[in-house]
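Taken verbatim from TrEMBL:
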DOMAIN    A:74-280  domain 'ABC transmembrane type-1'
TRANSMEM  A:20-39  transmembrane segment
TRANSMEM  A:78-97  transmembrane segment
TRANSMEM  A:109-129  transmembrane segment
TRANSMEM  A:160-182  transmembrane segment
TRANSMEM  A:203-225  transmembrane segment
TRANSMEM  A:261-279  transmembrane segment
Amino acid sequence: MNAVTTQPRRPPRRYRVANAWWTVPAVLYLVLFFVTPMLTNAWRSTGSPAAAGARGIWENYAVLVTDPFYFGVLRETILVAVIVTLVCILLGYPLAYFMVRKAGRWKGLILFCLIAPLLTSVVMRAFGWRVLFANRGLMNSVLIDWGLLERPVNLVNHPVSVYVALIQILLPFMVLSISSVLQAIPRNLEEAARMLGASKLRAFFHVTLPLSVEGIITGAILVFVLCNGNFVAALLLGGNSVKTLPLLIYQQFNLTQDTSFAGAMGNVLLVIALLGLWAQSKFARKQGG
Amino acid sequence: MNKSVSLTLTDISKRYGQVTALKPMNLEVAPGELIALLGPSGCGKTTTLRIISGFETPDTGSVRIGTRDVTGLSPNMRDIGLMFQNYALFPHMTVAENVGFGLKMRGIAKAEAARRIETALDMVRMRNFGDRAISQLSGGQQQRIALARSLVVNPSVLLLDEPLGALDKKLREEMQFELRQLQRSFCITSILVTHDQEEALTMSDRVAVMGAGEIRQIGTPQDIYARPNSIFVSEFLGTSNIFSGKLRSGFFVADGVPALRIACTGEPDGPSSLVFRPEKLQITAAGKGQINARVRDVVFRGSQYTYELTVDGHEKPVIVYSQQSFDLPGDGVVGLDWSDAPVLLREVAE
């Protein structure tokens, strides 16, 4: 919280081995494979060779915002991200708290369980959920065996499976963001609050929670931005029941091949992501005082 | 001005698995009294503090504040103030919000709370600091705010956990007096947990020296200093010159130093030790004292000289404090004398 960072001092000039030319390969690489595609994409999004004729520069963007279908998709994209983020906060905070304050020697194991899935491809995990949620999948057969269900419920191609998969994919980012902040809060602050007459719950809400808001915000923005860009879950589990921008971009490229419209949608996603990062940096600066 | 009450610990004990942190312990703190729990780390003083404050449940025994049995009560219901070693001030609140936290938890009206916060800040001479952030305060200022925060709610008992440990020496000495004065003026029953003997001696009415999970000796600072009941206590409190030896037919004779022979009547025979405090020893001309010693080193410490002497047959150096410096003979041999009788202990150091 205390933004007292001491900049490491640079060694005197004559001891410096590195010079600016050393960055040339990296800069070239970035220009070639990052800046150029971005600019191409921006340029492409302004006009469509496919639609012969006079579409204005902002035509693609205008369609996105005015056309009820596309605006609906934009809205659903953000809605999915907001819901997933909120659920991740609700599930992630208690887990992070437990991990930092109560788990003791089990903390390492929990951390491993959180990080291990990140080493598996998102596509594999989405397929995993398909197997679990399928008509004759594990979930249905177990629930029917236990007599909790009469007939199988098909969750594949249903929004629930998309949400579940997204939450599973993104929860680790939330937990790690929150736990790293919780870790830094001295435990005796809670004890001080208790000694001053606060119940466990009030000590949490007056001391621990306010001090960990930074972790929640960081985690929320991370999850929100990553969720906005994720199309695998909607593609493999949603079956068109959840239409988000990334999914639509994927379809524009593969089916309609309207690359300029896809480019425009990509730029909108980019702007949303940049807004998120901007909000986070603004918050961080405010916290730093 | 305060509802001073007593604090009574009866047979409290605590084990963690195989480790006994605290043997059954009894302690009675009189209303308004300040008792220091003094001991090395791992002696059980912190466990005792955590049992009193309610963060640990004792395996046996009870904690009573006045007539109230608080053994099963959670920390927030005990009406105890605790000043933490590192102050534990809330970094997301201002100074005034920190001090007012306990009042807020007790649901005290804003105007009344503001008045009490101001009085408390006045009391610790931090009147105009209410709007400051905690990170803007120095260590000593944080310490005052922590004190104000724990006193503003008028607790029945005040616990001080190594309160001055984080301050530098000069500030620590100042704060010892200030803390003591505030504690006296509030007449609040207090327990000071410390491993610093000077802090314990200067601040407390009584000192309880703890070791290995029990109270080894309890009494006024003067009493414990002058009459330690064991080698452990004598070594932990102040500097001691200990001669081990044997008591036989009314005489103590030090091992290896036959010249050190003192009449001790009324004590049964057996292994014993003599304890000499450094300021009770005097340096004389060789042969004029009770035994002879050789000066190995002299250190000037401002208010006094510290002499380090060796005595033939005695392994450890003998420390003597003196107000004056002496013209030492060429061979460094001097006499050692004492006016007050040394303390006889019926045990020998391992």
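Note: Cβ is positioned from N, Cα and C throughout, glycine not excepted.
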Worksheet, complete the sentence: Tertiary contacts of the transmembrane segment (A:109-129), defined by C-beta under 8 angstroms and 6+ residue spacing from its ends, are 95, 98-99, 103, 161, 164-165, 168-169, 171-172, 175-176, 230, 232-233, 235-237
Worksheet entry | Most Cβ pairs under 8 Å with the transmembrane segment (A:160-182), selected from A:20-39, A:78-97, A:203-225, A:261-279 | A:78-97
Worksheet, complete the sentence: The answer for the transmembrane segment (A:78-97), taking Cβ pairs under 8 Å and residues 6+ beyond its ends, is 110, 162-163, 166-167, 170-171, 173-176, 178-179, 182, 208, 212, 215-216, 219-220, 223-224, 227-228, 234, 242, 244, 272
Discussion item. Which residues of the chain, 6 or more past the ends of the transmembrane segment (A:20-39), have a CB below 8 A from one of its CBs?
Written reply: none
